[in-house]
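The structure appears below as structure tokens.
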Amino acid sequence: MLSSVRLIRRTVRLVHNPVCNPSRSFMDLKVLVSSLNDFASLSLAESWDNVGLLVEPSPPHTVHTLFLTIDLTEQVMEEALQKKVDLILSYHPPIFRPLKRITWKTWKERLVIRALENRVGIYSPHTAYDASPQGVNSWLAKGLGVCTSRPIHPSKAPTYPTAGTHRVEFSVNGTEDLDKVISVVKDITDVSVTSFSTRTDEEEQTRVSLNCSQEALMQVVAFLSQSRQFYQKTEILSLEKPLLLHAGMGRLCTLDESVSLATMIERIKRHLKLPHVRLALGVGRTLESPVKVVALCAGSGSKVLQGTEADLYLTGEMSHHDVLDAASQGVTVVLCEHSNTERGFLSDLRDMLRAHLENKIDIILSEADRDPLCV
């Protein structure tokens, strides 16, 4: 007896797996670095610092994953390579002092070798993020409670508001002398001239104002010194770049309501997720003393905080003698270790960069990054 066979047609549905999507978003390294510089201008960094793109794989280099860390140690580098990242944003620059050779001898040299061998770039913002209005010091201030804050040492604008670094002003009596002066100074490179009428001791005069560069200043002075009439009436002003009100090193924070020192310490520990901090009580202070003004600086704060009037200094580390000086003036000092005052900022930074970069790349945090000191 023949058995009947039924053919059953089945429909197979292909399920798209986003994890294996080869066309996920990416950015060209140069475009990404430009966007990072736009997020926080490197002009805000201190002159002694080493910021920006420190290690660049041969172009073209595309970035799918950006990896955030405070310190780039060998353990953190191993983690980054395992996660197949394309660019490491290391808050502290792993290359600070010049390297005379790239060998396998020291750990910082090995970092550069491994980065290049695996086509991983390294970018460091450091003090540009310290000074930025949305940077690490503003994040550190969030743990204090409701307060108003301003930079302790405001940053200066990257450029002068006018052409030149100096202004030279003097008065001229006659039209003939004025024409001669204008004719000569206009032939000097990097000099701009304006003039206006003034009256001095019932005498009509023309006030000449020159903006010039440092190099042009010597030529202007050499010309004016030929005439005693001009030279004795000359004023030379050194122009300053304008201060930026919301950018700069450290923060001076004034609380809306005073709290006890004990309460402030608990707020700091909770914000930094620390079980312990180091404390130096100011002379005449106790744990019940009120805290109204806090001066803070993430990382190493001795130079930034020195001489600032406040109830409390908050930073990662200070020298022994700077702590003694502060305490002798009645200022309480709370030390949390250097990178403990910075690491929590990375979560906020990740969110801000995601928005700034319009979610074009993956941004992940290091899990191996930690302060080298523990209690």
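Every residue, even glycine, has its Cβ placed from backbone N, Cα and C.
Annotation source TrEMBL lists divalent metal cation binding site at His92, Asp130, His338, Glu342.
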8 Å Cβ shell about His92, Asp130, His338, Glu342 centroid, divalent metal cation site members excluded: Ile70, Tyr91, His126, Val136, Ala298, Gly299, Ser300, Gly316, Ser339, Thr341
Greatest C-beta neighbour count within 10 angstroms, which of the binding-site residues His92, His338: His338
Sequence-distant neighbours of Asp130 (divalent metal cation binding site) in its chain (C-beta under 8 A, six or more apart): Val136, Asn137, Met249, Cys297, Ala298, Gly299
For Glu342 (divalent metal cation binding site): intrachain residues, at least 6 apart, with Cβ closer than 8 Å: Ile70, Tyr91, Val136, Ala298, Gly299, Gly316
